[in-house]
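Asks: The following block contains the structure, expressed as structure tokens.
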């Protein structure tokens, strides 16, 4: 007769040890050594000692959480946000901005095997010109409006946010009060806020039709606050309620965009980044320049003010159309935009028949594997690669170095202070 036994529950003893942190990784975690391997501890800074509890023990590394901190680093700051540690938006408000930048630069230098020559940064607070706040109205409870908890889908009710542009942060209580007064609160999905050169935008996502009374209340609110209001009943539909089409200024150009178009969150760093790209490429009046993953022309259009000709290639048709509109609006007749998928075989795409002296690329996190071979074939004198993922940047850089290019400048872009996001830009020159 078969006999069945219940497996005994495995009891894991949570080991408490005392460690001293000697480094900070780019995500803001303290790094100590234990049993010959790296031990990652959120919330601890270099030179701090603590009693910690091992929570995960792998072959190559381990993780722990702080039980009791024994001393404070001089680099420790008091977080400005009352939601820090619960809200998933920021991870490093307890770290001085200088240490944040040093740790990110060190991580970038290790990956790229090259010193970081520049740190491009702006104000560490009030820098976000765009934010999306989740909305939820549980039965018989007040409206929830805020960001997601770290590692959770739960909403943290945000009353203030010190990294938001001041104009947006000041609006939060009034937006909450307006939305809470609507009859259709249970049908609200999220609200997006954008601070553009043209003023403040509010995009409200709702999952069922709003009543005429709710629409009227929202319109009155938009007029009283002087903002442009857009309703998004479906993912692809945008209804203008009030205000004008948004725009922002960049390097002497006025760039219009749709409320849902991607624009860089940090305006100050974006302006410096574009200026540095123009400088590094050393754009001259006779140059033919290629801009890959160009979006709506954040780099393309400023490049066109200096070069003989510029071609921008982008996979999102709406952004391509906006780039063309902005070229016409700004009187730039030497720029051409192509809508193409750069993850496919680019050699058969019409733009690829041209020759180019200089290339700029700004891919998404997946990097630019699909176009690296063609870029190398073009043999441009200079290449500027803007990256939001240092791992794929390092991979793509290896292909360029193996083809005879050299990294001559490396910059860390502090686009998202107080977070673990690490952005960068590199200048490659053909040797």
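Even glycines carry a Cβ here, placed using N, Cα and C.
Okay, these came from Swiss-Prot:
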- 10-68: domain 'TRAM' (DOMAIN)
- 81, 87, 90, 161: [4Fe-4S] cluster binding site (BINDING)
- 264, 293, 298, 314, 341, 362: S-adenosyl-L-methionine binding site (BINDING)
- 388: active site, nucleophile (ACT_SITE)
Asks: Considering all pairs of residues in 264, 293, 298, 314, 341, 362, annotated in the record as contacting S-adenosyl-L-methionine, what is the maximal C-alpha distance expressed in whole angstrom?
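Replies: Greatest Cα-Cα span of the listed binding residues: 21 Å.
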Asks: Whole-number answer please: how many Å between the C-alpha atoms of residue 264 (S-adenosyl-L-methionine binding site) and residue 90 ([4Fe-4S] cluster binding site)?
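Replies: Pair distance, Cα basis, whole Å: 18 Å.
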Asks: If you draw a 10 Å sphere around the Cβ of residue 264 (S-adenosyl-L-methionine binding site), how many other Cβ atoms fall inside it, taking every protein chain shown into account?
Replies: 21
Asks: If I take the Cα of residue 161 ([4Fe-4S] cluster binding site) as reference, which of the binding-site residues 293, 298, 314, 341 has the closest Cα?
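Replies: The answer is 298.
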Asks: If we check Cα distances from residue 388 (active site, nucleophile), which of the binding-site residues 81, 293, 298, 314, 362 wins as closest?
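Replies: Closest by Cα distance to residue 388 (active site, nucleophile) among the binding-site residues 81, 293, 298, 314, 362: 362.
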Asks: Can you tell which of the binding-site residues 81, 87, 90 lies nearest to residue 341 (S-adenosyl-L-methionine binding site) in space, using Cα positions?
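Replies: With Cα distances computed to residue 341 (S-adenosyl-L-methionine binding site), the winner among 81, 87, 90 is 90.
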Asks: Cα distance, residue 314 (S-adenosyl-L-methionine binding site) to residue 90 ([4Fe-4S] cluster binding site), nearest Å?
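Replies: Rounded to a whole number, the Cα-Cα distance is 31 Å.
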Asks: Using DSSP, tally how many residues of the domain 'TRAM' (10-68) sit in helix, strand and coil.
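Replies: Result for the domain 'TRAM' (10-68), in helix, strand, coil order: 0 helix, 36 strand, 23 coil.
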Asks: Using the structure shown, find which entry in 87, 90, 388 (the recorded positions) has the sparsest Cβ neighbourhood within 10 Å.
Replies: 388
Asks: For residue 293 (S-adenosyl-L-methionine binding site) and residue 87 ([4Fe-4S] cluster binding site), what Cα-Cα distance in Å is obtained after rounding to a whole number?
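Replies: Rounded to a whole number, the Cα-Cα distance is 32 Å.
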Asks: Looking only at C-alpha atoms, tell me how far residue 314 (S-adenosyl-L-methionine binding site) is from residue 87 ([4Fe-4S] cluster binding site), rounded to the nearest Å.
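Replies: Answer for this pair: 34 Å between alpha carbons.
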Asks: Neighbourhood of the [4Fe-4S] cluster site (81, 87, 90, 161): other residues with Cβ within 8 Å of the Cβ centroid, in order?
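Replies: Same chain, not in 81, 87, 90, 161, Cβ within 8 Å: 83, 84, 89, 93, 147, 158, 162, 163, 418.
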